[in-house]
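K.L.:
According to TrEMBL, the transmembrane segment annotation covers 49-66, 72-95, 115-137, 143-163, 184-207, 213-233, 240-260, 280-302, 323-344.
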C-alpha cells in the first residue's frame, strides 16, 4: 500500500524495478529451458548412431550364423529368426515412440535414454524367435518379401528427396544469381561415371552374343540414361544435369549389381572365375546395403518434410523432436526384413553359398525391376510439373474460347 507521505515517483520506480526483475527471471528461466532442450536434442541425435550400431551388429550376427552356425544350430532358417528378433525390437520401438512430438515427453526419454532396459529387451527379442515353431518362421519369411519391397520404396523416396536437395544446393539459380560451378562439375563426374560404367559392363559381362540377357540389361540401362539426360534438359523441364546424373549413376550401379547377382555358374558372369569363398564384391555389397539403411533413415526418417504426421503449417518450436522417431524405427524394422532377403537371396528353400550375399536369379530380377521402377518414378517426377501446367492451362484456354464464341 502507498504510504501517505511516499512520493508517487518512488512507487513508479519500484514498479519498474519489479518489472525488470520479473523480466530478468523469465530470461534466466528461458535460457535454462533452452539449455535443457539442447541437451535432450543432442541425446536424441546421438541415439541414431547407437540404434545403427545395434542394427549393424545384428546383421553381422545373422551373416555369421548363416555361414558357420549350421555346425551347432540345426534350426530352420536361423537368419530369418535373427531377422525376426531385430524386427520385433524395432517394431516395439516404433509403437512406443509413436506420435512423439515434444522433447519433454516421456517417449522422447524412452527413445534417447534407458539403454540398459532396451538392451535387455533387444536380447529377449533376438532369443524369442528361436523357440517359435518353424511354420511361423516360414510365414515371416513370406512377409519379409513385402517388408523388403517397402524398404526399397522408402529408399527410392529418400533418394529422390536427396536429389531435390542437391538441385537446390548446387545447381545454378537465376533469382539468387548462383552460378553453380560445383553442381556442373558434379554433373560431369556422374555422367562420365555412368558412361564408363556402361562401357565396362559391356566389356566384362557381354563377352559375346550368347550373353543375351546381360546385353539386354546393359542396353536398356544405357537407353534410360540417355532418356533421363534428354528429358532433364528439355525446355519444358529444364532441371539441369545434377540430379539426373546422380540418378543415372544409381541405375547403372543397380544394373551392375543385378548382373553380379547372377548365379556363378553363368559363363557371362566373370565372378565364376573368382574364389569360392567370396571376394571383395561380397564385402562391398554388404557395406552398400548398410549405406542404403543409413541413407533411408538419416534422409527419409530424419527429414520431417518427407514423412510427417503433423500438419505442414505448424511452425517448428524449440521443444519439438529433431526427427520423426516412429518413421526412424519403422525403416529399421523394414530394413531387418530387407537384410534377411539379402542373406537368403530372396528364396526360402534354396541353399546359399558361404560368404555370398544376394546371389541368384531372384536377386537379379529384384534389382533389375527396382532399377526400372526407380527410373520410371524419376522421369515422372521430371515431367509431372510440365504435365500439370498444361492441364491447368488447357481449361483456361477452353473457357476463354467459349467466352469469345458467346
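Every residue, even glycine, has its Cβ placed from backbone N, Cα and C.
Please treat TrEMBL annotations as automatic predictions, because they have not gone through curation.
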K.L.:
Flag the pair the transmembrane segment (184-207) / the transmembrane segment (143-163) as in contact if three or more Cβ pairs fall under 8 Å (sequence separation 6 or more).
P.N.:
no
K.L.:
Please work out which recorded stretch in 49-66, 115-137, 240-260, 323-344 has the most C-beta pairs separated by under 8 angstroms from the transmembrane segment (143-163)?
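P.N.:
Result: 323-344.
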K.L.:
Should anything in the same chain at least six residues away from the transmembrane segment (323-344) have a Cβ under 8 Å from its Cβ atoms, list it; otherwise answer none.
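P.N.:
For the transmembrane segment (323-344), the sequence-distant neighbours (Cβ-Cβ under 8 Å, at least 6 residues beyond its ends) are 44, 48, 51, 55, 58-59, 62-63, 66, 77, 79-80, 83-84, 86-87, 90-91, 93-94, 97-100, 107-108, 111, 141, 143-148, 150-152, 154, 285, 289, 292-293, 296-297, 300-304, 307-309, 350, 352, 357-358, 363, 366.
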K.L.:
Counting only residues 6 or more past its boundaries, what in the same chain has a CB within less than 8 Å of a CB in the transmembrane segment (115-137)?
P.N.:
50, 54, 58, 75-77, 80-82, 84-86, 88-89, 92-93
